[in-house]
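Engineer: Annotation comment: TrEMBL describes 40-60, 80-98, 118-138, 171-189, 210-235, 255-277, 289-309, 344-363, 375-394, 432-454, 481-503, 509-532 as transmembrane segment.
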Amino acid sequence: MELEQQAKAQAIEQEQLEKKLEEKLYSRNFTKFGLDMNPVVSITAGLIILLLSIYAFLNLEQANIQFNNVKSFIVTNADWVFILSSNFFIIVALYLAFSRLGRVRIGGVHAEPEFSNFAWYSMLISAGMGIGLMFWAVGEPLSHFNGNPPIFLSEQDSFTAMAATFFHWGLHPWGIYALISLALAYFAYNKKLPLSLRSVFYPIFKDKVFGLLGDFIDILAVLSCLFGLATSLGLGVRQINGGVSFLFPNIPNNTIIQVILIAVITAAATVSVVTGIDKGVQFLSKMNIRIAFVFMVAILLLGPTAYIIRLFSNSVGLYFNDFISSSFFLATSSGDAKDFQSGWSIFYLAWWISWSPFVGMFIARISKGRSIKEFILAVLIIPSLLSFVWLSVFGGTAMHVDQMTNGALNTVVSASVEEGLFEMINLLHIPYFGQVIKTLLSLIGTILVISFFVTSSDSGSLVVDNITSGGKLDSPVPQRVFWACMEGFIAAVLLLIGGATALDTLQTAVIATGLPFAIVLTIMTFLLLGSLQQTYKKQKRIRDVKQFRRLRKLTKRDSIKK
């Protein structure tokens, strides 16, 4: 009886807290003209975007130099922050998965998953890395193969190249995503706070997170999401243009075509955003994975199959064998090792951390009903393993083709990474119906890039809309349309202002935010750990109540029989 009373008291307390938070947060929203948004976050973020766009337009070269100086300082002098923090996130994630805290369920003891495992995995990959894997699967392994990575050293250059690529796309980025998404999901679904970055800081600042302090946190999250998405979409549309130009030689590869492609694809993303996660994003994500599987199997069978399988097996073994030493490697002096670490490893870690508010928010949105153990292991292992397979197939084929053509593929990739995938297909030796098959593969590749592009755009729009509405999961359709168009607008403006240079400038600016976000994520981790301990005890009491009731029923049944 005492346990039942405790459970009822907790339920009443939670109900009162929900009512209190509802009044304090949403009372500040602007709700006229069919809108429902936090005006401080929305207007401030919009003005900052406008001012930065004007500044870039007027001083593109100067802006590029300034942001590059900031990035160079960060990756050179704060490399240890990214290396140590990313390893710390993996350690904490594994601790949560295998400790007693892993039994805590996101959303409460009775919560059930909203999506099937296949749909969930598909959305994880599509939102997290889909477009990036399409862009870099050929270029990065090939670059490492022709370079000199100081990590995962092996007698075979191809094994070292692939293991180094795994390092950048495997457990480290997904460890970052796992922790931030778990923190967001936990405070939203277990603590009944808004699904927003500000909510994670409630244990420290209490009701202040619903004022200007919380607005500041959410503004940073919105800017990080929008600029990160705009950069990725800008890079993605260059790859789409490369594929379209390969299929239709009369269509040029230039900025005007890319802006037209952005407009068309943003329109498609807007349609998906309007339909929501259940129909739009989920449908596209599952379609992405199915098309990607067919595309990957085709390259595997038409390419050097035995070579790819051996490469995958040996590279995975090398990755896990040298995981600890390479994960904690810090170059101590200038030279090739320092250049590699700052140009690749630190660049990636800073990018993943700055990108994490968007990916983390989206993963949190779709993960209600999962236990922490299930959540952590799935987010860490499933996308990492699938990325390893994908990178081995496309990167392995690229290295083999490059060797067979005396470096012809590397020459193209060095000049234009976005054309690497299509040039690799073009250089493949296919004895029968070669040109027809190559055209079909290029068409599938282009469709896949477009599909991942749309999925990233509509996922990002839903996340930004979620933040700017004060953490509401359902907001007016016009707001979703606005933010979907805003992403496309930023990417198009950047291309028109300065093409690849403008995109590189914005990417550099986004990476520069990685350092403060690394510190923020570390603080969030400690807040999550402290709060999880309390929730574990509460959920244990509820489980005890259920067990007590079952035992009482059995006792009554036995007494009746007697």
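Every residue, even glycine, has its Cβ placed from backbone N, Cα and C.
Keep in mind it's a predicted model, so treat the numbers as computed, not measured.
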Engineer: Check the transmembrane segment (171-189) against each of 40-60, 255-277, 344-363, 509-532 and return whichever range has the most CB pairs under 8 Å.
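Structural biologist: By Cβ pairs under 8 Å, 344-363 leads among 40-60, 255-277, 344-363, 509-532.
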Engineer: Need a quick answer: max count of Cβ pairs under 8 Å to the transmembrane segment (432-454), which of 80-98, 118-138, 344-363, 509-532 is it?
Structural biologist: 118-138
Engineer: Considering only Cβ pairs within less than 8 angstroms, which of the stretches 255-277, 344-363, 375-394 has the most against the transmembrane segment (289-309)?
Structural biologist: 375-394
Engineer: Considering only Cβ pairs under 8 Å, which range in 80-98, 210-235, 255-277 makes the most contacts with the transmembrane segment (344-363)?
Structural biologist: 210-235
Engineer: For the transmembrane segment (40-60), give me same-chain residues lying six or more residues beyond its boundaries with a C-beta closer than 8 angstroms to one of its C-beta atoms, as numbers and ranges.
Structural biologist: 28, 30, 212, 215, 218-219, 222-223, 226, 467-468, 470, 486, 490, 493-494, 497-498, 501-502, 505-506, 509
Engineer: Against the transmembrane segment (80-98), which of these stretches has the most C-beta pairs under 8 Å: 118-138, 210-235, 255-277, 509-532?
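Structural biologist: Stretch with maximum Cβ contacts: 509-532.
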Engineer: Using a Cβ-Cβ cut-off of under 8 Å, list the residues of the same chain that are 6+ residues beyond the ends of the transmembrane segment (210-235) and lie near it.
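Structural biologist: Residues 21, 24-25, 28, 38, 40-41, 44-45, 48-49, 131-132, 135, 196-198, 201, 258, 262, 354-355, 357-358, 361, 418, 453, 456-457, 460, 463-464, 467-468, 486-488, 490-491, 494-495, 503, 506-507, 509-510, 513, 517 contact the transmembrane segment (210-235) from elsewhere in the chain.
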Engineer: For the transmembrane segment (255-277), what are the same-chain contacts with Cβ under 8 Å, counting residues 6+ beyond its ends?
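Structural biologist: For the transmembrane segment (255-277), the list is 123, 233-234, 237-238, 240-241, 244, 284, 365-366, 450, 453-455, 457-458, 461-462, 477, 480-481, 483-485, 487-488, 491-492, 495-496, 499.
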Engineer: List, by number or range, the same-chain residues at least 6 past the transmembrane segment (375-394) whose CB is under 8 A from its CB atoms?
Structural biologist: 90, 93-94, 96-97, 102, 106, 117, 120-121, 124-125, 128-129, 133, 137-138, 140-141, 162, 165-166, 169-171, 174-175, 177-178, 181-182, 185, 292, 296, 299-300, 303, 308, 311-312, 315-316, 319, 363, 367, 421, 424
